[in-house]
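Swiss-Prot annotations:
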COILED    653-691  coiled coil
COMPBIAS  545-556  compositional bias 'Polar residues'
COMPBIAS  609-625  compositional bias 'Polar residues'
DISULFID  Cys33-Cys96  disulfide bond
DISULFID  Cys42-Cys89  disulfide bond
DISULFID  Cys80-Cys125  disulfide bond
DISULFID  Cys114-Cys170  disulfide bond
DISULFID  Cys118-Cys138  disulfide bond
CARBOHYD  Asn47  N-linked glycosylation site
CARBOHYD  Asn137  N-linked glycosylation site
CARBOHYD  Asn178  N-linked glycosylation site
REGION    545-695  region 'Disordered'
TOPO_DOM  24-233  topological domain 'Extracellular'
TOPO_DOM  255-262  topological domain 'Cytoplasmic'
TOPO_DOM  284-307  topological domain 'Extracellular'
TOPO_DOM  329-343  topological domain 'Cytoplasmic'
TOPO_DOM  365-387  topological domain 'Extracellular'
TOPO_DOM  409-435  topological domain 'Cytoplasmic'
TOPO_DOM  457-500  topological domain 'Extracellular'
TOPO_DOM  522-695  topological domain 'Cytoplasmic'
TRANSMEM  234-254  transmembrane segment
TRANSMEM  263-283  transmembrane segment
TRANSMEM  308-328  transmembrane segment
TRANSMEM  344-364  transmembrane segment
TRANSMEM  388-408  transmembrane segment
TRANSMEM  436-456  transmembrane segment
TRANSMEM  501-521  transmembrane segment
Amino acid sequence: MKKLNYLLIVSFIFILNLLISKSQVLIDVTAKCELIDSLSPCKDNLNYTHIYLPTGYTQAAISAQITPLFQQASILPTDCQSNLKNLLCISSYMECNENIPNISPSFPLPSYPCNKYCEKVKDVCSAYMAILGPYVNCSAVQNGNEFFPHTGTDYDLTAYGGSANEEIQCSGPNLASNSTSAPIKFCPSPLIWVDSDTINNKRAYQETTPNCVLPCPTNVYTEKEYKTKFYSEAILFSFSTACSFYLIFTFGVFPNKYTNRNWIIVYLGITAICLAISYAVQEARYGGGDWRCTSDPGRYKSSEDGTCILGGFFFQIGGLGTILFLSLYSFDMFLTMNMMTNKYFIQTSVGMWALIIFYALLPIKHYESSIASAGCWLSNEDNMFWQYFCFYVPSYVATFFLGVFIITSIYKVFKMTVMFKSIKDKRILLLNIRSIIFLIAIMFCVSFSTMYPLYVTYNGDDFSKSVEVYVTCLYANIPNGNEVCPQIVFPQFSLRYMNAITMAIIGIVGLIGLGIDPHILQIYRESIRFKFLLGLVGIQWGTNSPQPLKQGSTTDSSSGSGSGNGSNSGNNRENRKSQRKSRGVSIGMKKINLSASSESSNNLLNQSTPGNLNINESISSIDTSNNNNNNNNNNNNNNNNNNNNNNNNNNNNNNNNNNNNNNNNNNNNNNNYSNNNNNNNNNNNNIERINSDNV
């Protein structure tokens with residue numbers, strides 16, 4: 001604002017000099033004297049009542065130029081402004097001297113301002129002489145006469161029948177006048193004049209010069225930029241709200257069981273909805289016009305207005321809550337990676353919610369909007385105390401821990417990559433990587449949203465410069481400044497736009513990072529509440545879903561069908577159709593045949609001798625022996641059990657489908673037997689042990 005003050009002083013003195021130069025016509029026979037207007041801003045500053053008006057000038061024209069300058073003199077210290085006002089008045093409203101003797105025709109002459117009053121201004125305004133100096137020249141000369149004479153001005157009136165040295169005494173102001181006179185209620189359009197008490201008591205006025213405030217609303221971006229921002233926010237906040245409700249229902253309503261992670265995701269969904277509510281409040285049009293404006297001309301909404309409190313409260317919960325719960329999510333992920341749990345999760349959650357609500361209610365009398373804001377938030381009064389105490393400090397502490405846990409988790413995942421190199425199923429690793437990417441993305445959004453207000457605050461000169469140029473133009477172009485002065489345009493719209501986007505996509509980022517997972521489908525399939533809701537509209541969900549096979553069951557249908565097709569190469573078409581129809585039954589038959597084969601093999605083990613043991617019987621015995629040995633040696637013979645069970649299944653299928661394929665079965669058994677030897681070298685030992693038992 002100091003820079004603006006200097007610019008206005010320059011403008012003030014420039015117009016003062018312009019007024020003086022235009023009013024100095026040494027002899028103007030058509031000039032006239034008039035009684036000073038009672039509404040003139042200089043009425044109390046003069047010790048005379050009749051003023052000199054050169055040809056073409058009126059009191060109204062002089063008053064129109066003097067009034068804004070009088071107003072701007074209020075920016076100076078009291079002693080300086082009072083003397084500067086006096087000098088302005090005696091230079092613009094010169095004392096009129098009538099009844100000059102011996103001249104014809106009769107005409108009045110002006111009294112120039114005395115030099116001592118100019119010197120007084122230089123003395124009391126010495127701190128501003130670096131700016132005022134070129135314009136307050138007390139030794140200036142115009143048309144051969146001193147502009148600020150020490151005693152008076154000599155006029156040569158011989159051409160009019162008068163004296164060659166007619167002296168007219170210099171004039172001075174009313175020294176009894178001071179700066180406590182009634183203020184001039186004038187501001188150039190579109191600025192609005194507001195008394196000081198109202199500005200101080202109600203706040204939220206954008207004061208440019210003393211008592212002159214910007215109108216509400218004042219556009220600080222182009223129409224295209226406003227539309228781009230509005231439509232982007234409307235679309236993204238709508239999607240973000242839908243995504244947030246999806247997260248709340250998926251992780252907070254439908255699950256049959258709840259984890260700490262579920263609750264944190266629900267918390268994040270709630271805070272994202274709070275941000276959307278604050279946006280909805282600020283974009284509402286109550287009776288038309290801009291939401292930020294009140295019925296008081298020039299005043300933006302503050303804590304005196306209920307809607308401002310509502311919007312600021314939800315924005316504080318949404319912004320601060322998102323940051324705190326993201327740090328809690330990163331902490332929970334850190335514990336999970338280290339095989340630990342948060343035993344005090346309930347207490348932590350309650351404490352965080354209490355802290356968020358506390359920080360939203362504490363500054364309830366300090367929410368306000370402004371020319372640069374989209375809605376209501378914490379004011380920057382008291383050296384930004386409320387912003388730092390209620391938002392920046394807790395959010396930056398939470399962001400610090402969020403960063404620590406993210407870095408620690410990245411290191412943990414890096415170590416996990418070594419462990420998962422030899423494992424085909426890397427889903428756990430991929431899920432952890434996705435969670436980290438989500439946290440990094442959401443951390444960027446949060447960090448940008450919290451840093452942008454600080455950027456605006458600490459670069460305020462760049463933004464106020466646009467206002468200064470605009471206001472200076474208004475004063476320099478009275479009364480047409482509003483028509484000729486360009487609109488205020490704040491710099492860095494791209495940053496402002498990015499700030500709006502990062503807040504609007506919180507729910508969308510949450511959906512991508514947390515709500516798209518194969519596990520989600522399982523939640524809905526198993527959800528009792530979801531099935532109940534579907535049942536209300538006549539939809540059955542999950543009743544015919546496949547059940548998991550028990551351990552020891554046969555292979556899937558695709559394996560069974562493959563064996564059947566291989567053994568039916570010689571069958572006719574009817575047999576193939578019959579088998580396809582009975583494919584579901586063959587699975588059960590395999591299990592029965594497998595049991596029968598095992599029983600038959602046990603009989604062979606108990607009754608046979610080495611002399612009557614053939615290769616097929618030996619293979620069956622080996623299969624059964626392997627199954628028995630697997631009960632005692634799970635670690636060594638699991639693969640043999642699976643292979644031998646498959647052999648039995650293949651044999652059973654072959655027996656069911658074609659009784660004439662014994663040779664093929666033997667070949668298959670031999671091949672499978674060879675595979676068993678390749679998978680487990682203990683088969684030979686099993687054969688020897690079987691022969692020994694038979695002996």
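Here the Cβ of each residue, glycine as well, is placed from N, Cα and C on the backbone.
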DSSP assigns the residues of the topological domain 'Cytoplasmic' (329-343) as 9 helix, 0 strand, 6 coil
Contact set, same chain, for the transmembrane segment (234-254): CB under 8 Å, 6 or more residues outside the stretch: 261-263, 265-266, 268-270, 272-273, 275-276, 279-280, 283, 501, 504-508, 510-511, 514-515, 520, 523-524, 527, 529-530
Other same-chain positions with a Cβ less than 8 Å from the transmembrane segment (344-364) and lying at least 6 residues past its termini are 260, 263, 267, 303, 309, 312-313, 316-317, 320-321, 324-325, 328, 332, 378, 386, 390-391, 394
The topological domain 'Extracellular' (457-500), counted residue by residue under DSSP: helix, strand, coil: 31 helix, 0 strand, 13 coil
Hey, which bits of the same chain come close to the transmembrane segment (308-328), Cβ under 8 Å, at least six residues off its ends? 264, 267-268, 270-278, 281-282, 301-302, 348-349, 352, 355-357, 359-361, 363-364, 367-369, 375-378, 390-391, 394-395, 398-399, 401-402, 405, 439, 442-443, 446, 449-450, 503, 506
If you count CB neighbours within 10 Å, which one among the disulfide-bonded residues Cys33, Cys89 has the smallest count? Cys33
Out of the disulfide-bonded residues Cys42, Cys138, Cys170, give me the one sitting nearest to Cys125 (disulfide bond) by CA distance. Cys138
How big is the gap, in Å, between the Cα of Cys33 (disulfide bond) and that of Cys170 (disulfide bond), rounded to a whole number? 17
Could you check whether the transmembrane segment (388-408) packs against the transmembrane segment (263-283) - three or more CB pairs closer than 8 Å, residues at least 6 apart in sequence? no
Cα separation, Cys42 (disulfide bond) to Cys114 (disulfide bond) (Å, whole number): 17
When the Cα-Cα distance from Cys118 (disulfide bond) is computed for each of the recorded positions Asn47, Cys80, Cys96, which gives the smallest value? Cys80
Between the Cα atoms of Cys170 (disulfide bond) and Asn47 (N-linked glycosylation site), what distance do you get, rounded to the nearest Å? 12
